[in-house]
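Novice: Have a look at this one.
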Amino acid sequence: MFKITYLFFCIVAGILPEESRETAEVILKLNDLLDVLNSRSKYDQCTWKRAISCNKPATEEHHVRLLKEADEWLGRWVVGDGSVRIDSIGGLRQTIRGVQAIWEVCKENGSTALCTRRLNQDGVENLFGVIRQRGGDRDHPDPTQFRHAYRHVLVNNLMTPPESANCEADGDNLIAALREVLPHSERSRQSQEEAAPIPERPLPVFVDPVTENCVGYVAGYLVCKHCECEGCRKVLSKESNVAAIASETLAALKSHTSITSMDVGSLHLPTPDFLSFVMRCYVVFNQNASSLLLRHGICRALVALVMQSESAKALKDRLCHPGVLAKIASTYMRLMLHPL
């Protein structure tokens, strides 16, 4: 609104030519119309942004008159020689008439106010934008993917419009806040209690050769990322760069060097003890991640479980910097939690 006022000021001051006044008046009318079509409060400072209401502060007369005048005004618009049809103009006129019809129905059913912003689809578009960004670039999720993504968004209360959204933030995060739909007593209990306890007898996790190869490849990546000390690297990574066992096949294929000689190139092959440690991370995650999903500090809890294992204790005594194991376990858990 300030920019429109400044535009009129420039015309009066002679900065802009007098012919610009008609353009400024068109912009002002469209601005007022869009304010009426996007009202979200009965008490907004701007009169046109207030909800259509027949109670104090009463806006029904002014808003309905503006909508009717805008419909007639748009109907007089001529583009080109008159044979050109602009869909957006027709769509805007349909929206104006639809709002007037909805307001009449609302009054017949006893409603005293209508926030027109609740009639647009920005909230749905923002919701779908968040769902598409869950778990990576997923523009066309199937029903199962949508259900899982929505569930995780709901639990984590992350229903905020994505940065790439072309809709203004709608401010309606009620459907996203799981705590808000719970009774007050339930919310209090949930905030005081822990999430589901860790099962005393976790289910067994079966590791097939493909999984073992994947874990071995990730273990080599973790060594490269976190281990700068030469002494620690000798404990965690093999000196040989030739894949000699079945679990190192994937690393050899990923190196794109020489498949016949199984040379892993610049990749790292984990030692048996370190591979056992990363495999323990994999098992702990699959056994406990679902039961810790609603708990604060899920990553720290999973790392703590891994560090209690015998494989972690055996490696810590041989490392120059024992803290590197916790960092490696934390990075692994974050990699696994990201798609979850």
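Residue numbering: from 1, along the chain as shown.
Including glycine, each Cβ sits where the backbone N, Cα and C put it.
Quick paste of what TrEMBL says about this protein:
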DOMAIN    119-151  domain 'Transposable element P transposase-like RNase H C-terminal'
SIGNAL    1-17  signal peptide
Novice: Can you check how the pLDDT averages out over the domain 'Transposable element P transposase-like RNase H C-terminal' (119-151)?
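Specialist: Here the predicted model's pLDDT, averaged over the domain 'Transposable element P transposase-like RNase H C-terminal' (119-151), is 78.
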Novice: What counts of helix, strand and coil residues does DSSP assign across the domain 'Transposable element P transposase-like RNase H C-terminal' (119-151)?
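Specialist: Tallied per class, the domain 'Transposable element P transposase-like RNase H C-terminal' (119-151) gives 22 helix, 0 strand, 11 coil.
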